[in-house]
Structures are given as structure tokens and as C-alpha cells.
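Engineer: Here it is, the structure, as C-alpha cells.
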Amino acid sequence: MGISRLLSHLLCACLLCYAGFSQAQVEDTEAQKLLTALAESSFAQKKAVVNQIAESGDERARGWLESFSSNKLARVESSGQFIIVLENRGRDWTVESALTGENLGDMSRRDIDTVRVNNALRNEIEGILSVIDLKSPDEANRLSAARALKGSVEGTLAERLPELIDAEQSMSVQAALTEALAIFNVEEQGDVAAVATLAGSLNSQARAALQQAMRSDNAELAAAATDAMASIEQKLKLNRAAETLYFGLSLGSVLMLAAIGLAITFGVMGVINMAHGELIMLGAYTTWGMQQLLPGQPGLALILSIPAGFLVSALAGIAIERTVIQHLKGRPLETLLATFGVSLILQQLVRTVISPLNRTVITPDWMSGSVMINEALSLTLNRLYVIGFALVVFAGLMLIMRKTRLGLEVRAVTQNRAMARSMGIKATRVDILTFALGSGVAGLAGVALSQITNVGPNLGQSYIIDSFMVVVFGGVGSLWGTLLAGMTLGTINQLLEPWAGAVLAKIMVLVFIILFIQKRPRGLFPQKGRAAEG
Amino acid sequence: MSINKLVKLGLCALALSISFNSVAAEDPIRVGILHSLSGTMAISESTLKDTMLMLIEKQNAAGGVLGRKLEPVVVDPASNWPLFAEKARELLAKDKVDVIFGNWTSVSRKSVLPVIEELNGLLFYPVQYEGEESSENVFYTGAAPNQQALPAVDYLMNNIGVERWVLAGTDYVYPRTTNKILETYLKDKGVAASDIMINYTPFGHSNWQAIVSDIKAFGNAGKKTAVVSTINGDANVPFYRELGNQGIDAADIPVIAFSVGEQELSGIDTGPLVGHLAAWNYFMSVDSDANYDFIDDWVAYSGNENAVTNDPMEAHYIGFNMYIEAVKKAGTADVDAVKDAIIGVSVPNLTGGYATMMPNHHITKPVLIGEIQDNGQFSVVWETPSTVAGDAWSDFLPGSKDLISDWRKPLFCGNFNVVSGTCGGQAKAAAQ
């Protein structure tokens, strides 16, 4: 109660500069009237009603506006009673009274009329609420409110902004508010002095204001704006370049993750496994399954799916190896066809057993959104995590292949099977373990991919071609080659995409690989020595 | 002996023919269902198969039609376009179905079309499409471009004040044709070529970073910008996810989609997408009793409390009821009789109005614009004051603006050129 009362006072302070007192709570009949007006007027008229509600000083106003803007303010069809919807999924909704806050239990969708809202109103309410948040004791709240103000400052607020700026303690909030005010001054007043404040700003609203000023009749203003824009353009170009590089690395790490399991099964063992994509898919479905098992804890489920995804795919890999691949040793064409069959079986299995529809994998909070470097450059968090994860997986694999007994045995068996066996290495066991390792890593890729793409029966298909492309380009059998190839292809693709379009960019990358393979048939990092001859 | 035998034979024959006749009278009407149950399109099409089974079950419970039961014949064309044609032939020639409900993608419809016309079948096609087609044997219960794309653009232009346009689509026939129509339409309305950005991506595209960042840059030029999306299928999920991650807010750059419905949204966390738009002729959130009844039926049939309904399902609901009405009106399930009878038939739609079959084999539909909400549903923010009749041949493409379609006699032509006064080849020799 205390907080909402405080908020209502702040609301009055902000919006009702002229009101000498705040009435804690308007009469319920009055409230009913306001809400009825909100429900019954057209979108154009609703804006005025929203402001009336904000100015009413009622302590419930913020709650009404918030639920209205999230489409949760509603009216009972029969009685006209206003309600706030707490849970709006399914056919029965949990509701409470908007006036008394009394929980009314479940109500059928049929009996509820939602009070309609649209983007413009949502924006208006966000503006009103951000003015309130400017006085929030929490600095982060003030900062985001100040940022939201850029480009949406209006007359009355502009008059009061200077004093708010003076009173502000935090430098960054102050800067944001100054910029918001400067945008208003350039846009509405044609203030030349304010242009200087905007020089170097990467905010899109600031750019819009400057572009408008450049077209103005006032020669001095236009010249100042043109200068300011030139410096901004320079900065923007750098940011765009950094962004493209980031996009390239992030696509590259996805390609590398998808391919690195294949680099082991195809590269090291020489098995053409067309079901590799489906092993990735299994990893992604494991993530989904984990999240079903641990509802409400998507983050924990995601972390647990890392070992689980590895295990599931590794076991599936062992099953494929034992039932199909071992019987087709040294017959690549038959292996290719058989594993292609396996891939179709796995896809249809998922379709029949789980569903042909895509499954929702929830992205945990700490993975959504982006880190803002500056206002023109933000790095999306999910991609950042995937880049990190890919590098960790790569390092782990390198460690296994170089430093462990298994790695040594794998290398021995692939170099000379007969010799390795005569040295007492159980070649069959090594085969199984290697295939399990490669498949398990595919599962890990699936866990990561579940965060950036669809989890559905076709997930694997879209990555199998790319995976082979990366492995062949990097040099069959070389993990370093796979890393470098993934990153290179990712970056080339992202460089080409903006001006060639996604379809053409993909074709150009393929043509590039074909030409490259003509020149260097063994890829970037060809295997040397006798092993390469076989 | 021989006479005796003859009489016996004659009696036998009589008895046989009588019993055969009586069987024929109780013969069920066979309804072919041609939707992919496997492959990439299964995600969208398998629900339509279930919708049809539900509608048939319900009709049978109400006594069928003309005293005959309906019998579904389900085949699986497996998202394989040539297989669609083979399965359609199987349905018509082997299973002798009276009508087919099916197809999703335009390319599958194009593949089926010659077979349906050759064997004189009936096809109800339930998905929004690019227009530029009118067949004697096909009934288009989805939206034509003038029932979805053009009103949506009008809404953005007049109600939101959009001046700069990104037309983003998947690289195949429907988005390309729709965008061609939209481009001409926008230019007619005075939008400069530099204010239109067109972008195509392959099916299932998942790496949207560069394109979304491009859209962001394009939208930061000081003019109100909107994205008109004909991106199809599951490529939408990573697209919307990227929009959310890069912080593109619906208040700044709204995205209006023509292929994203409740079904597609069920695969995404819609929290960051609130306010982005979609244009359809039906939303699950529509407030009408017919709709609530349909949802109750669907939940009961599918056994899933959270099952969603969508626009193509409504199209099948309308198409199926129109077929039933036409069979009643014709008094028979004979293809030619039904084809004649169905023109002008009106049945209730799910949004509280009526849908009428027009002479060009398209139907009348209301156009609704909805904003995405956080529960994966749409909230209707705008609708056309009355229903809009589907236009088979767009007025905004140079090759088709003079064409009309009218399957009533005496015109009986799917592509009649009003300037030259001739029927462009497609018409069968019906006038003879």
C-alpha cells in the first residue's frame, strides 16, 4: 500500500503541477465512469481518457494503466464490472476486481470483454509511467526512463526537465536527460546551441532530429546539423563494422558447433554420417524435455541439458554405430545411404512420438536481450553465450584428443588400424567411443541451437549441409581447420548478406568453396603424412 | 430348363440391381483430405486434417447430409509437391471421392491443379495465397491479396502514418507476387522507390542478425517505418526472436505479418513481441459465440486444453459448410451440380458474419488487423466495416488488371479479358 501511495503522489507531482493536493482515492463511481469511458471510446479518444486517469490521482491508476497496456483490463459482459485479468491463457481466465482488488476466481472467456489497446496508447502510457520513474530511487530505473524519454518529450515536460537535470545525481541519467531535452529543442525550437549537444550522439531519435534540422530553412541550423551528422556518420560506420564482425563470429561459432562433431566422426573416423543433423536435433529436444521436467526453472534446465544432451546423443550415436555403421565399414556409399535412412527414421519418429509442431524452448532471462555497448551497437546475449560455449566445447575436444588415452588411441586407430590392434588397442571399442564422442558433441550443438533456432523435426536437416561444408573446407580430420573454416565462412556470409541478400550470399559462399576446393582439395589444414594417403 | 434358368438369372439380376440401388442410396459421400502429415509442412497441415475430421464427425452426428453419411479419406502427400498430384489422382480415380479439402503451399496447389481439372474434381483450398488464378474446379476459401495484404497496408498508411516500407519475404511465389502487388500499390500512393526496401530469404532461414540490423538502420532515417512480412513457416521464430533481442519495439518499427498466426506464435515466447501486427480474416480471440463454440469443439476433439485455432481452420470450417449447403441445394453430390449450386451460397463464418461464395470461386471475408499479446493471442485493433470479396486477378499487376473471373453461364470463364472481350484459353468449351 505504501509504495502505491508513494507512486500515486509522484504521479500527481509529475502530471498535476497545478493541483495543490492529491486526493488519495476517487469515488468508486468516478473510477467506474473513467474506466467505462476507456472501454467505450474509440482509440483516438482513449488517449485523453488515459491522461484523465493518470491525472485522477487515484492510487490504483498505475495498476489500471499497466494492466490496460498489457491487454489485461477487462469488463464482465453481463454486469459491467471492471476486472484485471491475472492469467489469460486457455478458456478460463483468473481475474480480480479492478476496483477492490478482490480475487474473483476463474471466469469463462465468453463472459469477458477486454478493453482494447493499441501501440499508440501503449506508447502513451509508457511515456506517462517513465515520467513517474524519473523520480524512482533506483538509478537503473531512472536511466531507462530517461532513455525512453528521448524523442517523446513534450511541451510541459520540457519546461520542467532543466530542474530535474539539476537535481539529478547520476551522471549517466543526467546525460540522457540532457540529450532528451536537446532533441526536443532541436526538433521543436530549432535551437542551434542544442545541436552541439547532439553531435556524436548515436541515438536514433537524435539522428532523426538532426536530419530534420538539416532540411530546415534556417541556414545556420542546417549547417550546424550537417556538421554534427558528419561526425555521427563516421562513428556509425565503425560501429556497423564491429557489428558485422560480431554477426560473423556468432554465425561462425554456430557453424563450428554444428560441424565439430562431424569433424570427429567424418574427419577422424571417415564415416559419412548423414544422421548427424538428427543427433543435433536430439540434443535440442533434450533441452526441451528438461524444461518440461523442471517447469519454472528454464535456466537450471538449460544447464542440466548440457550433460543430458551429450548423453542422449552419444547413446543414440552408439546405437547407430552398432546397428548400422559397423556392418558397412569401408563402404562409404552404403554408409551414406544407410545413415540417410536413419536420419529420416529419426525425424519421423520425433514427428510421431512428440509432435510435428515445433516445441517452445524458453530462453532464460539471463540469456535474452542484449548488452548495450553504445546506442548504435548492442551484442545480443544469446549469441554471446553461444560463442563462448562453442569455444569451450572446442577447447574441451582438443584436450581430449591431445591429452587423454582415448585421444591417443583414436589417433592410433585412424592412422593404422592393423598396427594399433597389434599393439593391443581394442579397435572396436575405440570406434564406439569415438562415434559416441562425435555424436555427443552434436548433442551439445543441439542444446546451444535450441536457444537461437526452432526446435522441430527439421532442425537437423538445415544444418547437415553446412556442417559438411565446414568440415570439407577446413580440411578433413583437423579440428583447428573446423574452427577456422566455421569462423571464416560465417564472416564471409555476414559480409555479403547486407548487399547481396541472404539467398545470393549463400550461393556465393558455396561457389567460393567450390573454387577453393579446386585449388586445395584437402581444405585449409590438410592432413599430412601417411594417414592422408589412405 | 433353359427358360427356368433364364428366369432365375433374371430374378437374380433384378435382386442384385435392387440391392445395389439400395446400397447406392446409403453410400456415404467420400471426402478426400489432402494435407501433409509428414515433412516440413506437417507443422501447419496436420492440424487442418484434424479440423476436417472433426467437422465430418460433427456433421455425421447431426445425420450427415441428404440422409447420407460422410466418409473421410485421408492421404499423406508428405510435403512433396509432385506427390500431391499423385495423391490427388489416387483420391479421384481410385477412392472416387466427391470432394477434396487440401493443400497449403501455392506450389502444391499448382501441382494438383491439372489433375483436379482433368478428372473434374472439387478442391477447397483454405490458405491465403497470391491470387492470379481461378479454376473451374477449385474453391479458394483463403484470402486473396485484396483481402489481406492491401487492407493491411492501408491500415499502416492511414492509421499509423507509415512512410517507409520494408517488404520482407521468403523466396518463393507467394511473397514475390504479393510484394510485386504491394510495390505497385505503394508507388501508386506516392511512396518513393528509395523508401521501399525489399528483402528475400530462403525457407527455414535462421540467422537473421544482419537483416534485422539492416531493417533497424533503414528505419532510423527519421520517417515512420514498418515491415510487411511475408516470411513463411518456422523462419518466423528466429526472426521474431532476433527482433526482440535487438530491441526493435512495435512502437518504433511495427512488423505486420501475413503468415504468422496463433499456431506459429505457439512456438515463441511472445513477451518481447507485444504490439507487432498480423492481418488475417479470423483470430482465435474474436469475440463471437460461433467462435467460442468452435474453440470448445476443437479443444474437446483434440483433447488439449491449450489447443489453438487459426485462420486456415476457419477457412475449412467455411468451405466445409458451404459444400454441405451446396449439396443440399443441388440435392446430389454430383460434381457439376455442386459446382453450379455453390455459387451464391452463404454460411456463417466464425467472426459473427456471413461468407458468400462469389462467381469467381473466392469468398467474402472481413479483414482484421490484430496486435500480438503476451499470451500468444492477437487483439483486434482494426477491421473492415464490411466483408471484402476476394479478387482473383489483382488490379495492381500489369498482366492481370483487365482480367475477371466468372464461373456462371454464359460467361463461364476464369480469366476473361474485359478489354479484348475474350476468354484467355483456360475456359472449357462450355458454351458449345
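Backbone N, Cα and C atoms are what each Cβ position is placed from, and that goes for glycine too.
TrEMBL feature annotations, pasted as is:
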SIGNAL    A:1-24  signal peptide
TRANSMEM  A:245-272  transmembrane segment
TRANSMEM  A:300-320  transmembrane segment
TRANSMEM  A:332-350  transmembrane segment
TRANSMEM  A:384-401  transmembrane segment
TRANSMEM  A:432-452  transmembrane segment
TRANSMEM  A:464-487  transmembrane segment
TRANSMEM  A:499-517  transmembrane segment
Engineer: With Cβ-Cβ distances below 8 Å as the criterion, list the same-chain residues six or more beyond the ends of the transmembrane segment (A:464-487) that contact it, or say none.
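Structural biologist: Distal contacts: 248-249, 252-260, 262-263, 266-268, 274, 276-277, 343, 394, 397-398, 401, 414, 510, 513, 516-517, 522-527, 531.
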Engineer: Grab the same-chain neighbours of the transmembrane segment (A:499-517) for me: Cβ-Cβ under 8 Å, and only residues 6 or more beyond its ends, written as numbers and ranges.
Structural biologist: 469, 472-473, 489, 492-493, 523
Engineer: Please identify the stretch among A:332-350, A:384-401, A:432-452 with the greatest number of Cβ pairs below 8 Å relative to the transmembrane segment (A:245-272).
Structural biologist: A:432-452
Engineer: Are there residues at least six beyond either end of the transmembrane segment (A:300-320) with Cβ under 8 Å to its Cβ atoms? List them, or say none.
Structural biologist: 265, 273, 275, 279-280, 282-284, 286-287, 289-291, 293-294, 339, 342, 346, 364, 367, 432, 435-444, 446-447, 450-451
Engineer: Could you tell me what the rest of the chain brings near the transmembrane segment (A:384-401), counting residues at least six beyond its ends with Cβ under 8 Å?
Structural biologist: 249-250, 253-254, 256-257, 260, 264, 367, 371, 407, 410-411, 437, 441, 444-445, 448, 451-452, 479, 483
